Amino acid sequence: MLFAGRGGKGARRLLLSLLLLAAWEAGSGQIHYSVPEEAKHGTFVGRIAQDLGLEVAELVPRLFRVVSKVRGDLLEVNLQNGILFVNSRIDREELCGRSAECSIHLEVIVDRPLQVFHVGVEVRDINDNPPVFRAREQRLFIPESRLLDSRFPIEGAADADIGTNALITYTLSPSDYFSLDVQASDEMSKSLSLELRKSLDREETPELQLLLTATDGGKPVLEGTVQLLITVLDVNDNAPLFAQAVYRIHLLETTANGTLVITLNASDADEGVNGEIVFSFGSDVTLNIKKTFKIDSSLGEIRLIGGLDYEETKSYEIQVKAVDKGSPPMSNHCKVLVKVLDVNDNAPELVVTSLSLPVREDSPLSTVIAFISLSDRDSGVNGQVTCTLTPHVPFKLVSTFKNYYSLVVDSSLDREKVSVYKLVVTARDGGSPSLSTTASVSVDVADVNDNAPTFAQPEYTVFVKENNPPGCHIFTVSARDADAQENALVSYSLVERRVGERALSSYVSVHAESGKVYALQPLDHEELELLQFQVSARDAGVPPLGSNVTLQVFVLDENDNAPALLPPPPGPGGGAGAVSQLVARSVGAGHVVAKVRAVDADSGYNAWLSYELQAAAGAARSPFRVGLYTGEISTTRALDEADAPRQRLLVLVKDHGEPALTATATVLLSLEDSGQAPKASSRASTGAAGAEAAVVDVNVYLIVAICAVSSLFVLTLLLYTALRCSAPPSEGSCGPGKPRLVCSSAVGSWSYSQQRRQRVCSGEGPPKTDLMAFSPSLSPGLNPSEGNEHAEAKSDLSGNPRQPNPDWRYSASLRAGMHSSVHLEEAGILRAGPGGPDQQWPTVSSATPEPEAGEVSPPVGAGVNSNSWTFKYGPGNPKQSGPGELPDKFIIPGSPAIISIRQEPTNSQIDKSDFITFGKKEETKKKKKKKKGSKTQEKKEKGNSTTDNSDQ
């Protein structure tokens, strides 16, 4: 653009000034606009969104809003285009009075993220107020005797505008007697007076009327007028005179009431009444001055009667009039200027706005929580305010603008540790002494789902009796979540898996809210001894967190299975149901002629079987008896010709459950003369003897091998445990504790731990529970009490252990069972029964005649309590063994295996195949008895019984 002449230079200067102003505003950090007062509604002020760097499209989503300390409806922002416009009438004089600077301070706040901007809008003055006189007319009384050049003060006009618009010039209507004299005592303060130019003559001109016009310097020019009514008086020629035309006084705003401000001194040249002066405030003195000061009419003393406040009024201009008592009275005026000095008497003002509460506990650092604005009505150092925060963590104050602070997050938050912070913000000024103001801010920390539900322990063990009713409550799991509200609402569910061929949910269910675990169907100990599953606990947070707990449900056995008779092996004399056997009449007393075999699907006492021979009604005493626990039928005396050739025996098989269940076996014995089958018996005897000798040799080697392997395994295990426990402790390492008893014999070394929950750790998998084993023999010289003491307090047994009978027989189940580990839920105490170590132990019949074929009855003879395993003797067996003999049978607690040991004289004719049995429950039982003690079932079992050969 080209500029010509002086006009071009002026335009360039204006452009340079605008560029400098824009650079200053950018450096100051605040946007400035200007608008003239009295602007119409909708007047454009500025493109505030563009100047703040905000997009117009994000004004509404970010909740763009404008906050003003003054009337909030003066300016408004169009959210559609981001333009700041005038919303209502702006009157600068009403807004700022006569202040030289007038601006509207706006706070522009947007959310997401929270930001604040400061905008200043300057209100420019326009010449909208004309000069105004206090009254429409002023009366002056001037004696005719006044000399030329005498001055008569008159009241000037006031203009509400500022600057050039308030610069008033006065003109007086033409007059021969008076001229206007204007004296400027200050920039905005002028003293007016009429100067006498021609002597007055009351008789010639008693009254004069003049027009005083006040014109301001605005564009367009505004003016005001007042009528001056002058009355010419006679006689009293001298008016009072002040020593000074203007008096200047400085007062602290804390000056007490009643303090003398100044004593005015005026004199009158007249004498008598015409020389007596009365002081008073001028007629133009405001009501505020009259409430603050008073003047003594005779002494001319001005005193303070009201409080001074620098923040409200910084100075006072008092017109004082001195009037004599002449007739007519004469007067004169002076001006007293009182300047108020500031004192630090105002505490800072503190305002907390735009609270973003509650604060999430995962809020990042420097997250803005609130804005704090400070102000102090004092000036200078007294108005300089600093802000502090207590406590300093985890928040801090950041200064964003002069006297504006942001409360931000300074370190990480954790609602589970501290849910509410009580903060104290203190604002203190720089006065002496300094004044302060405090504000309390309560910051609530909102919960975030950062804690998973936790169980009291990782695993629970539950014991449930079998045959439970469907839907019964078996256990309740409970997890605790440290979070709050929905993040702490825990729901429970099963961790689904397959249990055999069926889903876990077909066995148990868990209530989602209470955590109660229900059994959905009756449990069967014979089908499922241990049900292990996991329950998951999930909270309702987003995203949800969870954890699992393991439940081990042990199904306890009940006596719900009656003894089942085993069919006799195929062969001569074996029938389809009953046991049929040929017996030579030449056999002697105690000869075993037959054997009844039965098994019980239950375990423990419920599977401990006893056999009784039922005598027929009215029949003679039978020459046969049945072993109480073996089922072996033997002769009580030598048979003779008087005995019936066919003997029908009924054997009652009964378990030890409560109530006891029974089964009946029928044994048919045919008595034959000894000469009819000698060859067959001889061949059978010879074959049996050869087989027994071969098996005994094999078993001796087998026993030696098993004991050697067991000893090596125990020594390795003890050495590994000692090395692990001596190493520095770490997670998962072995706890303290050591085996309390080790029993050894020529057969092998067996040990067990008395320590409750003693763990044997290995490098793989979780720690194992107690390993329990024991020697098959005890010292014959050790009584029961001594045995118990040795088992609890010593690691070895005193005395020489007795060697077992070398004629041992191990079944396939024994060989498999001795290589397996024994798991105990509760490590207990192994002790002898009430009869001591040599007490007669009950025996259990072998399941099959072949040692390799299989299965024998489950464990019997063990009494169970919560803290110990005790070998006891069943009822009906008072027989005591001789000194130095081994017990008939013992079991391994927690295992379905049993060990049966019998010792017979060397010349006994009892079959050695039943000497020792070791095995577990028979796999052949697949159907449970639906009705216990059913008479129909018993009849069927009696009808299917058959006899067996006596050599079995």
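Start at 1 and count along the chain as shown; that gives each residue its number.
Placement of Cβ uses the backbone N, Cα and C atoms for every residue, glycine included.
Look at TrEMBL and you will find 776-786 tagged as compositional bias 'Polar residues'.
Look at TrEMBL and you will find 911-925 tagged as compositional bias 'Basic and acidic residues'.
According to TrEMBL, the domain 'Cadherin' annotation covers 34-133 (among others).
Model confidence over the domain 'Cadherin' (157-242) is summarised by a mean pLDDT of 86. As annotated by TrEMBL, domain 'Cadherin' applies to 157-242 (among others).
Taken from TrEMBL, the feature domain 'Cadherin' applies to 243-350 (among others).
According to TrEMBL, the feature domain 'Cadherin' maps to 351-455 (among others). Across the range of the domain 'Cadherin' (351-455), the DSSP-based residue counts are 4 helix, 55 strand, 46 coil.
Annotation comment: TrEMBL describes 456-565 (among others) as domain 'Cadherin'.
If you look up TrEMBL, you'll see 583-680 (among others) marked as domain 'Cadherin'.
Per TrEMBL, region 'Disordered' is recorded for 756-810 (among others).
What TrEMBL lists as region 'Disordered' is 829-858 (among others).
Annotated region 'Disordered' per TrEMBL: 873-952 (among others), in sequence order.
The signal peptide annotation in TrEMBL covers 1-29.
Against the domain 'Cadherin' (456-565), the recorded stretches 34-133, 157-242, 243-350, 583-680 differ in Cβ pairs under 8 Å, and the greatest number is found for 583-680. Most Cβ pairs within less than 8 Å of the domain 'Cadherin' (157-242), among stretches 34-133, 351-455, 583-680, belong to 34-133.
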